[in-house]
Structure formats: structure tokens, C-alpha cells
Amino acid sequence: MLYRSISCPKGTFFMTTPPAAAEIFGDNLEKAIAYHESLATDGSVRGFIGPREVPRLWDRHILNCGVIGEAMDEGISVADIGSGAGLPGIPLAIARPDLNITLIEPLLKRSVYLNEVKEALNLDNVTVVRGRAEEKVVRKQVGLVDIVTSRAVAPLGKLATWSLPLVKIGGRMVAMKGSSVEEEIERDAKEIRKAGGTDIKVYTVGEALLSEPTTLISIRREK
């Protein structure tokens with residue numbers, strides 16, 4: 001069993017690396033642990049992670065992001081928009097080193113942190129781009145990818161207008177969503193179609209590993 005001592009304002013405590021982490025991250029488990037430590041300490045101090053989230057980083061943030069690789073074919077290109085502190089892009093890159101992942105983040109302090117994590121963990125399959133997904137300069141720099149991911153970025157309709165232009169025709173946006181996803185689909189259906197989206201699917205991943213599986217919505221770019 002692996003333990004790490006994490007310093008926080010209320011003292012020091014030990015966190016156990018959950019057994020599921022070894023299943024999800026395999027040979028890259030130590031990188032996942034190092035990322036967890038970075039979020040719990042540096043990430044919290046710099047305001048990327050709220051103090052209340054630190055004790056539940058594994059379950060609510062790292063593991064549920066790592067399992068989204070179940071929805072992706074081998075060796076594809078992925079763009080993670082509004083990457084923030086690297087969720088879901090960094091756990092995905094650790095779990096799936098075969099993927100080529102671009103992290104798109106507009107804020108300087110967060111993009112600096114993402115580059116620090118990339119270098120510290122030797123994530124050769126990660127590229128960091130500072131900017132917004134809807135900006136022409138970013139779209140030109142990133143090009144077209146197979147899948148665009150996101151987590152807690154925007155309402156579904158707006159998310160589709162930002163994500164789908166980065167996706168190859170026939171590719172997909174795959175967004176992490178909560179229990180209200182069906183309501184979002186109904187509310188934003190016209191906006192999704194206008195953005196060129198079709199073939200909407202909702203499914204879960206990580207059922208065999210997580211107590212609360214991750215819910216994903218997948219939308220294919222038709223035009």
C-alpha cells in the first residue's frame with residue numbers, strides 16, 4: 001500500500017492510494033501519485049483546487065478522469081479544452097500514453113502550471129496551448145483532432161460550439177457531465193445541431209473500478 005504525507009492548513013494527514021489507481025494507470029501509477037501530490041499541495045496553494053477537495057482528489061477528480069480513456073481508440077489525437085489544472089487531460093495522458101493530447105487553457109497561471117506538470121512527469125504525449133478553444137489562432141495551432149474532451153467547462157450547447165470546430169468530420173466531442181445531462185440535451189438540441197453535432201450518446205465508464213462511474217456525453221461532428 002502506498003502512502004503520501006500531505007501538508008494542509010489544518011495539519012498533516014496520510015492519503016492511501018486507492019487500489020483502482022493501479023488498474024487505471026498501470027505502469028504509470030507513480031506519475032499519477034506525483035500528480036495527486038502536486039494538486040494537493042501546489043495546486044491547492046495556487047488556488048486551482050479548493051481545500052475541501054483535497055481529501056477527495058483521487059475519487060472525485062483523478063480516477064474519474066483517468067477512466068475516460070475507455071471511450072477512446074488507440075493512438076488518436078485529443079484536445080482537452082478549458083483544461084484548468086489538467087482535468088481530465090493529465091490523468092488521461094497518464095493512463096493512456098498512446099494518445100496525443102493537447103491541453104487548451106486560457107489563463108496564464110494555469111497554463112504555466114500545466115507545463116510544469118508536463119515537464120515534471122515527463123509527459124511526452126502532452127502539448128500545452130494557451131488560449132480559448134473558440135479563438136481562430138488556437139484552432140489554427142491545434143488543427144483538427146479525433147476527440148475533444150472537457151469537464152465542467154460550460155453548458156452543453158455552448159460547449160458544442162467550442163468543441164466541434166476542433167473535431168475532424170466524423171470525430172467526436174466527449175464531455176464529462178453530471179446527472180442533468182439529459183435535460184441539457186433537450187434544452188440545447190438546436191444549438192448542438194447548428195454546431196454540426198449529431199448522434200448524441202450518453203454512457204458511463206469505469207463501472208468495474210469506481211463506486212461512482214463517470215458519465216460521458218458523446219456528440220459526433222457531421223459537418
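Note that Cβ sites are derived from N, Cα and C of the backbone, with glycine treated the same way.
Annotation comment: Swiss-Prot describes G82, L87, A133, E134, R151 as S-adenosyl-L-methionine binding site.
Residue environment of L87 (S-adenosyl-L-methionine binding site) contains 27 other Cβ atoms, counted within 10 Å of its Cβ in all protein chains. With G82, L87, A133, E134, R151 listed as the residues that bind S-adenosyl-L-methionine, the site has a largest C-alpha separation of 19 Å.
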